[in-house]
Amino acid sequence: MKTVNIRGVILGEGIPKVCTPLVGRSLKELREEINLLKDIDCDLVEFRADFFEHVENIQKVKEVLLEIREALKEKPILFTFRSAKEGGEREVESEFYCKLNKEIIKTKLIDAIDIELFNEEESILELIKIAHDEDVKVVMSNHDFHKTPPKEEMISRLVKMQELGADVTKIAVMPKGSSDVLTLLEATNDMKIKYAKTPFITMSMKGVGMISRISGEVFGSAVTFGASKKASAPGQLQVKELKEILNVVHNVL
């Protein structure tokens, strides 16, 4: 498996990298979160644009993104608009989803962009090409907030993302119990041993899935998500405690 360099942060080797989401709804809330990040030891920052109240005004998204970039300096930024069907804050037409992502890629303010697998393949391929032309890495993702699919299905989705040209692949699923968490970890381990050509991210949500967020170095997941203030998904730990746990795991391996 090859590693991926996102503004100096190497995914796919060593301790899983910690990504912290910005989930403010207003410019005021985002500024408060950005100030918090100055004292937080995360590796990447995810701007969850679907939380932003003015997200349908692309110019305002660009303006707030510029503020984020200026404040975070060289910290890698992942831009994400998570659709409602995959657990995000709002639904938009597919045309707007593509237009927003295209325009944000071209700002040169981001280092990576999240593209959801379950879109029209033609649109996905176009976004990947534009991103790669602008030296923006593609994190292709799938989120199931209702269930944990069978192991083979999760692997199939991750492999499909690789085949489409994603630099990093990601799947997050909802467990109904500990058996579902084991299924996710099995899929993760199989991906690491048999199929992964690029770094990948997996997680099982809610409290019962928390073990998947801290065991990436064992099973293969390259990135884990930790909250600075408000979590963007069920089961997220705070960055400080997450980093401490990851280091404990690393030191005993």
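A Cβ is built for glycine as well, from the same backbone N, Cα and C atoms used for every other residue.
Here is what Swiss-Prot records for this protein:
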{"type": "BINDING", "residues": "Glu46, Phe47, Arg48, Arg82, Arg213, Ser232, Gln236", "note": "3-dehydroquinate binding site"}
{"type": "ACT_SITE", "residues": "His143", "note": "active site, proton donor/acceptor"}
{"type": "ACT_SITE", "residues": "Lys170", "note": "active site, schiff-base intermediate with substrate"}
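Sequence features, as recorded in Swiss-Prot, placed on the structure.
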residue : record                                               : contacts (Cβ under 8 Å, 6+ apart)
Phe47   : 3-dehydroquinate binding site                        : Pro21, Leu22, Leu65, Ile68, Ile77, Leu78, Phe79, Thr80, Ile110
Arg82   : 3-dehydroquinate binding site                        : Arg48, Asp50, Gly88, Glu89, Asp114, Glu116, His143
Lys170  : active site, schiff-base intermediate with substrate : Asp114, Val139, Met140, Ser141, Asn142, Met161, Phe200, Ile201, Thr202, Val223
Gln236  : 3-dehydroquinate binding site                        : Arg213, Phe225, Gly226, Ala227
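When Cβ atoms from all protein chains are considered, those within 10 Å of the residue listed as 'active site, proton donor/acceptor' total 22, not counting its own.
Highest local Cβ density among the binding-site residues Arg48, Arg213 belongs to Arg213, counted as other Cβ atoms within 10 Å over all protein chains shown.
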